[in-house]
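The transmembrane segment annotation in TrEMBL covers 92-113, 125-148, 168-186, 215-234, 240-262, 361-383, 398-417, 437-458, 478-501, 522-546, 566-585.
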Amino acid sequence: MSIQESLLGADQRLGENEDIEKDIEVESNHEFITHDGTVDYKGRPASKTRTGGWRIATYICAMEVTEKIASTGAQVNLVTYLTLEKKLQLPYAANMVTNFMGTSFLFSLLGGVLADSFLGRFHTLIGAAITEMLGFLIMMMTTMLPFLNNQDQDCRDPLNCRAVHGDGLVAIYIGLYFIALGVGGIKATSAPFGADQFEAGDPAEASLLPSFFNWFYWAMTVGAILSGSILVYVQDRVGWDWGYGILLVLMAVALCQLLLRLRNYRYRVPKRSPLFTVATVLVAAVRNYNLPPLAGTEVSEYYDEMQSRGEQRIPLHTTSMRWLDKAAKSNGVLVEKMSPWKRAPISDVEDVKMLLRLLPVWLFTIFYWTVLAQATTFAVAQIETSDRHLGPNFEVPAGSVGSTVFNFTILLFLPLYERLFVPFARKLTGNSKGITVLQRIGIGMASPVLAMMVAAMVESKRLRLVEQTYDQNVPNSVLPFSVWWFVPQYVIMAIGEAFVYPGQLDFFYSEAPDSMQSLGTALLYCTISVGFFSSSAIVSLVNAITKSGIDQGWLQKDVNTSRLDKYYWLLCILAFFNFIVYLLVSSFHHYKQVRRSIDIVYAAQGASSESSKLLSQVCSEVTHKSPRTQS
């Protein structure tokens with residue numbers, strides 16, 4: 001072989017090696033940026049090494065601790081503030097609390113729509129935090145300004161005092177619903193914003209999502225414990241002005257925490273309104289009802305179109321709810337000339353299908369929260385009549401008993417679930433989560449049945465003691481009934497919530513369409529909202545049915561003359577039937593199916609795990625044999 005031919009062959013091999021290195025560089029770039037549509041603070045595809053992951057998710061969990069201290073401080077002892085400080089009657093105050101908490105969760109729908117459609121999760125979080133701060137400022141003024149304290153403050157008979165009214169009552173409502181608006185916005189966006197720090201299309205990062213939801217909820221519990229113990233004590237013993245002032249400062253701290261890591265977050269760019277998507281698909285499906293189903297060629301064209309548009313995650317076409325597929329029929333007309341109200345993209349149709357699949361599970365998880373609402377209203381009133389002394393000199397505030405037991409149970413149980421139960425269940429089931437998310441929720445849905453059974457028996461015991469010792473002239477007298485009798489029902493509901501709440505977070509985020517995940521998460525909080533509202537409705541309905549000419553009904557102003565035991569048995573029966581229906585509904589659920597665009601490219605090129613190994617081998621050869629490397 002001549003020297004000229006040798007040089008020519010070397011040049012050809014060098015060119016081939018350079019082409020291979022370029023392919024490897026492209027592959028490497030794909031490896032280190034996200035492919036789920038998230039971007040960095042400059043709007044570029046987010047780098048996996050500089051943004052997101054557990055490092056930033058841990059920081060978001062820490063911020064959630066601070067925010068949860070503040071938001072829980074506004075809720076957990078509110079019935080005490082309204083009855084003892086503002087002299088409102090217990091049924092009215094109980095409905096105020098449940099309506100406030102229900103509205104705060106309902107506002108998460110507004111926060112979800114704003115985050116998904118207009119502002120993005122981060123900016124919605126900022127606005128919600130500022131709104132909540134304004135609410136705390138107003139509530140602090142209701143404790144300090146004389147004209148807002150127009151209740152009969154010197155009255156010693158809580159059943160016959162003049163309660164706060166006029167401007168004072170209006171100010172309380174305004175402050176509470178500013179707080180509710182802020183809480184709703186934060187709830188709809190904080191967990192999804194944290195989940196955005198893990199790429200859903202990367203199996204390694206996606207497998208961390210259930211753990212993130214567990215630890216995010218654990219962080220919420222830490223905040224709730226600190227709020228339910230320290231802050232409740234400050235409110236009861238130091239003063240409500242200090243109590244609400246501290247909540248205001250804590251929200252400011254949470255806001256600063258959120259702003260400190262702007263450069264390290266992964267952001268999801270908001271798209272058009274999910275409400276518009278749902279409306280256009282439903283209208284187009286009705287208009288095209290007489291057209292034939294989608295053909296296979298139309299589905300293939302959909303995949304090609306989504307890939308050409310650079311969509312990173314493509315919803316797979318499914319055969320369920322085929323009547324909605326007709327919304328994507330063009331009937332021979334050019335798609336570009338058709339109104340979205342006459343023809344919707346297949347991707348929008350599949351998004352609406354995903355959203356509709358959430359609704360049956362959503363509907364039959366509501367009742368768990370209906371039962372839990374009792375822990376913040378009537379249960380607190382029951383505890384106020386019990387012996388709450390721990391030692392001779394310390395009495396536990398009634399508002400902090402349930403929350404402290406409840407939250408400490410979750411604080412201890414969640415790490416056991418994460419470290420012991422999940423690995424054990426994983427070996428049995430082969431599921432990376434241990435059990436499916438719907439199985440997890442189902443276990444929690446059984447807890448209200450047992451908890452209400454225990455609560456009814458404890459209340460029957462307490463009422464037998466009331467018959468022996470109760471004096472109507474001293475309605476606030478303490479019974480010789482230990483506060484420890486109320487602990488088991490809180491423990492049972494807490495273990496149930498450790499299954500239900502993180503399970504719902506995972507389910508409504510992961511199963512919602514990628515463009516509607518804030519709205520999906522908001523559906524979780526709507527179950528809580530409707531649960532609290534339905535609790536108020538059940539209270540009113542039970543009172544209306546059980547009242548007679550002489551009997552004042554099961555639920556009265558004075559907890560000692562009420563029949564909460566019968567009320568709890570009623571809730572137990574309703575919870576049992578709800579649990580059975582949930583099992584039936586969840587067994588028919590079809591999980592979300594999404595394919596990454598990059599996977600479609602690899603499939604089209606015949607790429608597989610074996611070809612990836614081959615590419616790595618070529619990379620090794622280039623590194624060791626390239627003339628340029630040797631030189």
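Every residue gets a Cβ built from N, Cα and C, even glycine.
Whatever TrEMBL says is automated annotation, not expert-curated.
Contact between the transmembrane segment (92-113) and the transmembrane segment (398-417) does not hold: fewer than three of their C-beta pairs are under 8 Å, each pair 6 or more apart in sequence.
Under the criterion of 3 or more C-beta pairs below 8 Å, with sequence separation of 6 or more, the transmembrane segment (125-148) and the transmembrane segment (566-585) do not qualify as touching, having fewer than 3 such pairs.
The list of residues near the transmembrane segment (522-546) in space but at least 6 beyond its ends in sequence, with Cβ under 8 angstroms from a Cβ of it, reads 91, 94-95, 98-99, 101-106, 108-109, 111-113, 184, 187-188, 358, 362, 365-374, 377, 504-505, 507-508, 512, 553-555, 563, 567, 570-571. Recorded stretches compared: 168-186, 240-262, 361-383; the one with the most Cβ pairs under 8 Å to the transmembrane segment (566-585) is 361-383. Between the transmembrane segment (398-417) and the transmembrane segment (168-186) there are fewer than 3 Cβ pairs closer than 8 Å, counting only residues 6 or more apart in sequence, so the two stretches are not in contact.
Most Cβ pairs under 8 Å with the transmembrane segment (478-501) belong to 361-383, among the candidate stretches 168-186, 215-234, 361-383.
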